[in-house]
């Protein structure tokens, strides 16, 4: 992949851009193998890769410059404000829309937030794309409600020009800190969610719902999870840190009892909607902390399979101990941080690692996703 930003030393996020993709994946595989070397992995499946450009479905743009000349991008290593609207990680239609949004901010006269002076209004523009429909969710992260009338004044023209924008909202983040978003979301459109689909499973995205950024690789990740689960044929599943339900809904069926737990209420609302669309009635999604749920469920009937898909910090010692105590037949662990994955796997007792597969969700970086199947010793 060629990148003028990287060549000009303006953006170095894709730090391994000059390394062939096959070599990147080989290095990631070696890193993972070294971390799991003490676990006697029974089967290493081939790594999964996808397009190295034009794949990303989410843009997080810092708004820089001034109201009359806004820049959507980042501050370069030299301190220069750089527009990233032409970033090759984004599909062409997203690049074009980002350019239009720079013009929108200028036409609306919204002053970008200045961190050094703690002045201004617009902090970030967050743009999310549904790959199945090519539709968008647009979020303006603002310091206050002061400039919302300016957005509302220009919005009808933007939506007329770009009917693919289905959801528009303002997120209020009043704190002078490096925090991406605040608690309050104000919708400026009737629609409040995007529709997405992977492998025939409908998923819904709301503003604060976590979603994978590489749709093609994510679809293959979900397929592997489904295949491995169906080989075990569990009758009951817990999906912890379930998000919008991607893993659990791929692994569920009308005969399987599925319980999904996620602390973010918006994501749970989306998961419930997907289950209803699929006609699954043995499903329960609840907004709770996953570790607390597991701890509070001791003494209750345990599932045959537990799926965990935690944030980068991993599942932690307390949940590792709960899983060891529950002793389900199998544990399916999806991780975006191999270091915390390795730490957690060493902490869970009574299991053997039967399958491991790497998914190159973040090309040109050191990051990747891993799917691991654990089966109880003796099963």
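A Cβ is built for glycine as well, from the same backbone N, Cα and C atoms used for every other residue.
Annotation for residue 336 (active site, nucleophile): spatial neighbours 311, 312, 361, 367, 368, 369, criterion Cβ-Cβ under 8 Å with sequence separation of six or more. Taken from Swiss-Prot, the feature active site, nucleophile applies to 336, supported by sequence analysis.
Other Cβ atoms within 10 Å of the Cβ of residue 14 ([4Fe-4S] cluster binding site), summed over all protein chains shown, number 21. Residues or ranges marked as [4Fe-4S] cluster binding site by Swiss-Prot: 3, 11, 14, 87.
Secondary structure at residue 241 (S-adenosyl-L-methionine binding site), as computed by DSSP, is coil. Per Swiss-Prot, the feature S-adenosyl-L-methionine binding site maps to 212, 241, 262, 309.
Considering only the binding-site residues 212, 241, 262, 309, residue 3 ([4Fe-4S] cluster binding site) has 212 as its nearest partner by CA-CA distance.
Listed binding-site residues: 212, 309. The one with the lowest count of other Cβ atoms within 10 Å of its Cβ is 212.
In the three-state DSSP assignment, the secondary structure recorded for residue 11 ([4Fe-4S] cluster binding site) is coil.
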